[in-house]
Amino acid sequence: MSSQIKQVFARQILDSRGNPTVEVDVVLESGAFGRAAVPSGASTGIREALELRDGNKALFLGKSVYKAVENVNTKIAQAVKGLDALDQRLIDKTMIELDGSENKKNLGANAILGVSLATARAAASHLRKPFYRYLMDVKEYLMPVPMMNVINGGSHADNNVDMQEFMIVPAGFDTFSEALRCGTEVFHTLKKVLIADGYSVAGVGDEGGYAPDLPSNEAAIEAILKAVKEAGYEPGKHVFIALDPASSEFYKDGKYELKSENKSLTTEEMIDYYAAWVEKYPIVSIEDGLAEEDWAGWKLLTEKLGNKVQLVGDDLFVTNPSILAKGIEKGIANSILIKLNQIGTLTETFEAMAMAGQAGYTCVVSHRSGETSDTIIADLAVATCSGQIKTGSLSRSDRIAKYNQLLRIEEELGENAIYPGIKAFVFNSDEEVEEVVQEIIVEDSEAEKVVVQVEE
């Protein structure tokens, strides 16, 4: 039966914050079916593709997405009907040209992405392949090392912590399932530690981590390391630390305003702040350490810490190949965060990952703070052998859904699932040089495939 698109239908559903988002169904002539739900961010980069919302305060406080849904059910459906779902590049190119804007503001990135992902899922169903294997069909796959956001702050929580994410990285294990077990044990132990130290853990943040008021940002790291030890693990051997300060959120008038510590820091002082932490704690990754518009500062940060830790650009690059190219040219950062809805199509996401890999940058596949039960990013992380994933803490079903999907994939792959551990992080230190070369090549074939080779 034909793999041509027969029907495209969108609806409005709710995300993990109770806000409307877009869900799309695609049916092929063969009867194959694909469905995808689109996530949404809280702290968003100024150069992200546009998420189209209606703005009518009488409906969902202005957050409804009926216009984006209408765009899928009319303009986009008419444009892609009859196209071959196995030609992902053509599907995405058709929608990009139909939109006609630089940031997908006319149809909405949330409308376009929903169709892009649902079409890919339908194509995988047509070929009767798991989604990750449809994207890349090879013998061995890298399972991603998870960055687990166990203490939430910033825009993700209603507390006094300036920095947005304090994450544990269980990189000292041989399998993903062992790493996940460690993460859950540390997460539950952390609750006991926080309570014993007199902090409230009555609720969790958007990504499932605890959100206590703390005396300083550093207090979050200290609490986490205490929990790691009490859970029976060794910091720097079994568990490492990753940070996402989301510093654009506290960058005001050229200064970094750490209100919880009553500090106003220059770019140079902020870099020194991180450098002191890197020397003191087992930190392997810092995401958005400086503001997205502070490119001169990013250059200094990379020169000072780029050979010691992974420096991830999220708001800095917004999964955009053209912006990433500028960063590579200027020697800024050494890693990119991959968020599907920042760019709006699967094809452009692959292009960004290909460019990053060819430049020696690592790729971290990521969720958004407003998530759904959709597990596409788990398959994407495995398919591209990115080696790293951010999908929240060890609570909230919208986060756990991705971890459970990774467990299923590892089980299915058996000995062909490789957990890279600390080798997933590309950086040099004075004590040891660890080189991991990633080459990501986007190939044209019957299905859009990403081929990833990892050499040690």
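Backbone N, Cα and C define each Cβ position, glycine as well.
These numbers come from a predicted model, not from an experiment.
Straight from Swiss-Prot, the features:
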type	residues	note
BINDING	Q164, K339, R368, S369, K390	(2R)-2-phosphoglycerate binding site
ACT_SITE	E207	active site, proton donor
BINDING	D244, E287, D314	Mg(2+) binding site
ACT_SITE	K339	active site, proton acceptor
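Between the C-alpha atoms of K339 ((2R)-2-phosphoglycerate binding site) and D314 (Mg(2+) binding site), the distance comes to 8 Å.
In this structure, the CA atom of the residue listed as 'active site, proton donor' is 8 Å away from the CA atom of R368 ((2R)-2-phosphoglycerate binding site). Per-site Cβ counts within 10 Å over the recorded positions E207, D244, E287, D314 peak at E207. The distance from the Cα of Q164 ((2R)-2-phosphoglycerate binding site) to the Cα of D244 (Mg(2+) binding site) comes to 6 Å. Across Q164, K339, R368, S369, K390, which the record gives as binding (2R)-2-phosphoglycerate, the greatest C-alpha separation is 17 Å. The binding-site residues listed here are R368, K390; among them, K390 has the most other Cβ atoms within 10 Å of its own Cβ. Rounded to a whole value, the Cα-Cα separation of D314 (Mg(2+) binding site) and R368 ((2R)-2-phosphoglycerate binding site) is 11 Å. When other Cβ atoms within 10 Å of the Cβ of S369 ((2R)-2-phosphoglycerate binding site) are tallied across all protein chains shown, the result is 24.
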